[in-house]
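Report on one structure; see the data block that follows.
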Amino acid sequence: MCWAARMMLGTFSILLGLVHTAAAACEFGPFPYRGTGIVCRMTKPAALLLNQETAQVIQAAFRNAKFPNITGERSMRLLGRVAYGLSNIQVNDLSIERSEVELKEDSAIHISIRNVTALFKGTLTYGYAGAWFLQLFHSVDFEIESSIDLQLNINLMCQKDQVAPDASDCYLTFHKLTLHLQGDKQPGWLKQLFTDFISFTLKLVLKREVCKEINAVAQTLTNFIIDLAANFVRDKDIAVDISLASDPVIKASYIESHHKGTVLYQNSSSLLSDSVFSPSLLAESRMLYFWLSEHSLSSLAAAAFLDGQLVLNLRGDKLQELFEMEDTEVQQKAVQRIFQGTSYNDSVAKVWSLSQPQISFQPEGAVVRSSVAVEISILLAGEEPLVALYMEEEITATIQATYAEKKLILQPVDSSVVIKVFKCTADPSGEDPSIQSFLQNMISVAGIPEVTSSIASALTSLMNSKRLDLFDIINPEIITRQGYVIVQLDFGFPSHLLLNFLEKSL
């Protein structure tokens, strides 16, 4: 369970990109969930919330579109040949009335943007040569008032086993396209002349450039999100493969993506041939669901062990809290004998795993089985540290995980400790049962909670360094079942992150 929250944002980041996506085009084997270690489900309420941010993307697409100069020519009676050009086209005063999203089952995500009003400004240059006129050229500033409806049918594509949006199915419907010359908003022969044969060309250019830019922005945003997610599930030499394991699924009430979830460590990876995932395991009442396999999380713990991360050093106040959990005569005598009267500040306790922890998931929580060593050393000035105590024990602990106030909390609810090796300078023969009894009780009551608390604190710091604390996660629940974990939550989208990204990237 230590890694469940860490995986949460990685998969959550992928889902943020799915608001811009839809049906898949990947080829996988006949077993739809084989090799699936992580599943992400975003329900319709989440899509509706994220759709509120679509306006930011559309506005960025309009403003970032590079409109080419528009040129044309037309023969006019009496006037002869009339040539024109529109240049320096820019967008001002852009607003969107409303945006709607619909999940089309096994098809696409349909986004309707209603009443996009925009003011286009630029320069109109025109010239004509007639039977009685010399060739003349004129330039005037123009404004074009527009009212547009935008429809997007966005499909999910698969590029290099990653979700990629295809927003090329894009339609613009013009309700208004009014040309004003030099601020004169009264009809005139010049305005009427150019409005008639510029409008059609202008509509084609606007559609082509705006739709092209929307597709480009969606691609850029998705690439950013995938890179962010990949970085989130990486810690030094440990990484999680979040590439697709099977086709994404679109239903009327949710979008679901399936990822490999295998752990990569120093040119090796965990293997997951089968999966116990079934769509019926996830509900639809919360905004976001993550299904995490026992194999993926257990492999993360194994990689952490191989990377030497499962080591904890305690000294000073922390050491004192552990060994003075009970103020009894038996405790005082045991501590005095173990530390030989040395100050806690002059001693250090080292705790580490001797073998890969075994993690399994049950309704009661995550069951962790591990062989652990504990060593207490007394630091002597100018001399080698004196090992006052060395123990090896088999520990089994059932741990429940929660996430609240932007912190991961790991709570042991049951544990057992069996001492396998015991060496103590205060009891060389190992025949004093009071010391072993005290240590066994101390490990169960205070030691295991301290270790899990330290792991939770370290993982919280790691996740926050990956920017998890910037997201508004609402009422998250971490639910363990036999062989898997479900994380379900609602969320509020941090709009400033999207705005910062658009400002920096476009």
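Placement of Cβ uses the backbone N, Cα and C atoms for every residue, glycine included.
TrEMBL annotations: computationally assigned, not manually curated.
For C170 (disulfide bond), the same-chain residues that are 6 or more apart in sequence and have a Cβ closer than 8 Å to its Cβ are L150, Q151, L152, N153, K207, V210, C211, I214, N215. The disulfide bond feature in TrEMBL is assigned to C170-C211.
The domain 'Lipid-binding serum glycoprotein N-terminal' annotation in TrEMBL covers 41-268.
Feature annotation from TrEMBL assigns domain 'Lipid-binding serum glycoprotein C-terminal' to 282-489. On the 0 to 100 pLDDT scale, the model's mean across the domain 'Lipid-binding serum glycoprotein C-terminal' (282-489) is 91.
Residues annotated as signal peptide in TrEMBL: 1-24.
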How many other Cβ atoms sit within 10 Å of the Cβ of C211 (disulfide bond)? 20
